[in-house]
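K.L.:
Features from Swiss-Prot:
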ACT_SITE  Ser172  active site, nucleophile
ACT_SITE  Lys224  active site, proton donor/acceptor
TRANSMEM  10-32  transmembrane segment
Amino acid sequence: MNLLLNYELFLAKAITFLFIIFITPFIFNIIKRKRTDQKKFKIILLEEKYKNIKKDILLSKMNKLEKKKWIKEEKKKDKEFEKKNKNNIVTLKKKTLFVLDFKGGIHAHEVIGLREEISAILLAANKDDEVLLRLESSGGVIHGYGLAAAQLERLRQNKIRLIISIDKIAASGGYMMACVADYIISAPFAIIGSIGVVGQLPNFNKLLKKCNIDVELHTAGDYKRTLTMFGQNTELTRKKFCQELNLTHEIFKKFIKKMRPCLDIENISNGEHWFGTIAFKKNLVDEINTSDNILMSKMKEKYTLLNIQYIYKNKKLENFTSFIIENIKIIIIKIFSYKKIL
């Protein structure tokens, strides 16, 4: 008996200790995050990054005497350039290419950063500046990707040229974003298209009946709930659900046709996807290339290359918990979701 009591006391102490070690810091992080603004912009001057890479490679090929001579010559060139352009505002006259990255998940949560990045660009951009968005997304919920596409439209409305580069995939909702661009670039084997809508969910009604479990589902309005996981689905509700899918598909098609009038929309909106080279022949993209080549060519054209990133200053614990929670949510959504997925 004493042994059992001692064990229970030990167990209580162990649980208390684990709570203090793991849960308390997490609670403090949440409180701190509420009190302080954890968001900020990170701006990277890409041409400096490439120049430093070039410098490191060149120096690695030289012996000590060559390195010394090369560094001396470079310093001399820099001094001459500074002296020559001392009274000239050269940088303000140069065109700027703002580089953004969007790697979208099923809910397009990344639009939180995209909207801030676009707002920042609109505040600072000149009329000849351009935006390059490196896009990677296989699509997701319509309201998420609809908002992402609407954010990109802000650039078109302000007459700022938008280039979208697809190195891997821009399918479904991803292509909804891509079609907003003035110019679309795709890698040869990138996946493009999938202009369709899907909605699915399991129904456990028969299983629950076998277990003698009743489900109460009451709605005000005939179509407040169409398909349900636990209630009994009828032909009427199934028909309504399919109507909603078709309506969403029609809106999707109209949006793409508006953004890219050159497309034969009925031919390419059957849900099929293609590799970049085939998508080019179907006018889904304008050029076969990679984002890296675009950056190099713009650098040769003397553009200032600015990579704009809106980031959160999350702690490692927050990153880890967010990663676990997000992946669990994605698995559950893929199994049970009835939302309209682009």
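Every residue, even glycine, has its Cβ placed from backbone N, Cα and C.
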K.L.:
How far is it from Lys224 (active site, proton donor/acceptor) to Ser172 (active site, nucleophile), counting Cα to Cα, in Å?
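P.N.:
Distance between the two Cα atoms comes out at 27 Å.
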K.L.:
Just counting, how many other CB atoms are there within 10 A of the CB of Lys224 (active site, proton donor/acceptor)?
P.N.:
9
